[in-house]
């Protein structure tokens, strides 16, 4: 099967109608973090002064005072027109796995390190955010992964991932054995420290550190990156996003394993289990300030060289 480079299915980015308006906005952030709390307080004050109804995720609401409605992520997804996540990419990933099912627009204020998914600066967000709230923004859909663990043909655990699903041993630096199938066609057996199955969104995260290629967000593709394979010939491979990836763990593995979703959610895996990873029907709807440039983000975050002439 060839890789589908038709970026129009589904559409990766579109300009939103200038008449789009937001009314109820949810605030989400990293709990017990001084910088995040300061930004959340500024956001809450600024948004309420603009006349918006503001809800705060319950883990951060207690640090914002008493005059704010505290709700969980599910209620933010159900009631809000926009969610603002303050923190790093990890905070965005945690919120996105819940909010993607609501098709809620999400924008980030960077209080982390690299901040590939968080566009707004924490100390000067007002001007850019005001334009977004006036309808001047771009939207971009990022697909998620669905990871399932089967034991003796029965589904034992499942979850979703925005960046990657990783099969790995319970112990650090311990080799495991497994087979990999693409759409039920045997690809190879592996003796490695694990396998990273990444979306284009995750290709600048763990997969990049493991030697994988960067995939632009509009590609409908997945990248499989073996972790320290016990062979010189095994390299990352890119497959169509419609592919179903199956990994069968050897019964001879002498310990328990895990599938980690974005490094946050861990699914228990036993020797002999099968792991199925496929594209989820859920998509993250990212909101960017108008004119957002992905390659500018790469240059800035990864320290690439600027134009020579």
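Here the Cβ of each residue, glycine as well, is placed from N, Cα and C on the backbone.
Here is what Swiss-Prot records for this protein:
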- 89: active site, proton acceptor (ACT_SITE)
- 89, 90, 163, 164, 174, 191, 193, 204, 205, 206, 207, 208, 209: NAD(+) binding site (BINDING)
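Neighbour counts of Cβ atoms within 10 Å were compared for the binding-site residues 163, 209, and the top value is held by 163. Non-local neighbourhood of residue 174 (NAD(+) binding site): 193, 255, each in the same chain, at least six residues away, with C-beta under 8 Å from its C-beta.
For the pair residue 209 (NAD(+) binding site) and residue 89 (active site, proton acceptor), the C-alpha distance works out to 16 angstrom. The CA atom of residue 163 (NAD(+) binding site) is located 10 Å away from the CA atom of residue 89 (active site, proton acceptor). Sequence-distant neighbours of residue 205 (NAD(+) binding site) (same chain, 6+ apart, CB under 8 A from its CB) are 89, 116, 163, 164, 198.
The local packing around residue 193 (NAD(+) binding site), expressed as other Cβ atoms within 10 Å of its Cβ over all shown chains, amounts to 20.
Within the same chain, residues at least 6 positions away in sequence whose Cβ sits under 8 Å from that of residue 207 (NAD(+) binding site) are 164, 196, 198, 223, 225, 236. Its own atom aside, the Cβ of residue 89 (active site, proton acceptor) has 25 Cβ atoms within 10 angstroms in the protein chains shown. In this structure the residues listed as binding NAD(+) are 89, 90, 163, 164, 174, 191, 193, 204, 205, 206, 207, 208, 209; their two most distant Cα atoms lie 31 Å apart.
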